[in-house]
Amino acid sequence: MNMAESHLDPSKLATGPAGFGAAAGQRPLAPLNAKIEVKNLNFFYNQFHALKNINLSIPEGKVTAFIGPSGCGKSTLLRTFNKMYALYPEQRAEGEIVMDGENLLQSKLDISLLRARIGMVFQKPTPFPMSIYDNIAFGVKMFERLTRSEMDDRVEWALTKAALWNEVKDKLSQSGYGLSGGQQQRLCIARGIAIRPEVLLLDEPCSALDPISTGRIEELIAELKSDYTVVIVTHNMQQAARCSDYTAYMYLGELIEFGETEKIFIKPARKETEDYITGRFG
């Protein structure tokens, strides 16, 4: 079944551990405009089976949140999308992660190009030990040859998209370390989008931030989905409810339920999901 043949309402594709109503081991049903399709994905840390037969379609131009208790596999799943595990030979993924018809798990895929297409922002702000300007320009220089004027425009564009330009435009030559925690995280988001990825992965982007900075990041996430497909891992269920269009609940390496965020939080199909959402578990 290809996307052209799918006429299913994404709001109805929300039950079963395998996601979208598919039984474990079966090919998942894809909503219209799926940006990433995960098919029978298993992940191992040595002999530990961390992800078990994950089937999931990430809708394009939407914010998808992964929730679940610590150790459930949500960050592991996120990091398979851009092969962050590739440096560790004891870690391996089996199955398929398909974007634009290409299996991202193929070993011959260029990792640098993959990570240009799928950007990532980590839990703690990680500015480079260089100026604010160079933090943005660094990644761009790896993939594009721009004139100084073009680079200036790109830096301003990225910082503006990250809602940071007005705060730093007069101190671009200063170190990124001089920014507040919230500003540093927005700098990292600007750095991620400067190379114009198709997908942006956010792994607990607000966990180290104060409430005001968290609010700014959440507003930014809502704006970014007009240009990117965004996937966020969060322990904060209120944040998932506020920011995301779709939510996946995971437990012990399995995808328990996936669907529209409003339905997941108001009327989940699975009792396990309801127990977690209401605080009776996890």
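Using N, Cα and C of the backbone, Cβ positions are placed for all residues, glycine too.
Here Swiss-Prot flags GLY68, PRO69, SER70, GLY71, CYS72, GLY73, LYS74, SER75 as ATP binding site. Residues or ranges marked as domain 'ABC transporter' in Swiss-Prot (evidence: sequence analysis): 36-277.
Excluding GLY68, PRO69, SER70, GLY71, CYS72, GLY73, LYS74, SER75 themselves, the residues of that chain whose CB lies within 8 A of the CB mean position for the ATP site are, in sequence, THR76, MET250, TYR251. Here the binding-site residues are SER70, SER75, and the one ringed by the most other CB atoms within 10 angstroms is SER75.
Of the binding-site residues GLY68, GLY71, GLY73, GLY68 has the largest number of other Cβ atoms within 10 Å of its own Cβ. In the three-state DSSP scheme, SER75 (ATP binding site) is classed as helix. Every protein chain considered, the tally of other Cβ atoms within 10 Å of the Cβ of PRO69 (ATP binding site) stands at 14. In sequence order, MET250, TYR251, LEU252, GLY253 are the residues of the chain that are 6 or more apart from CYS72 (ATP binding site) and have a CB within less than 8 Å of its CB. Across all of the domain 'ABC transporter' (36-277), the predicted model scores a mean pLDDT of 95.
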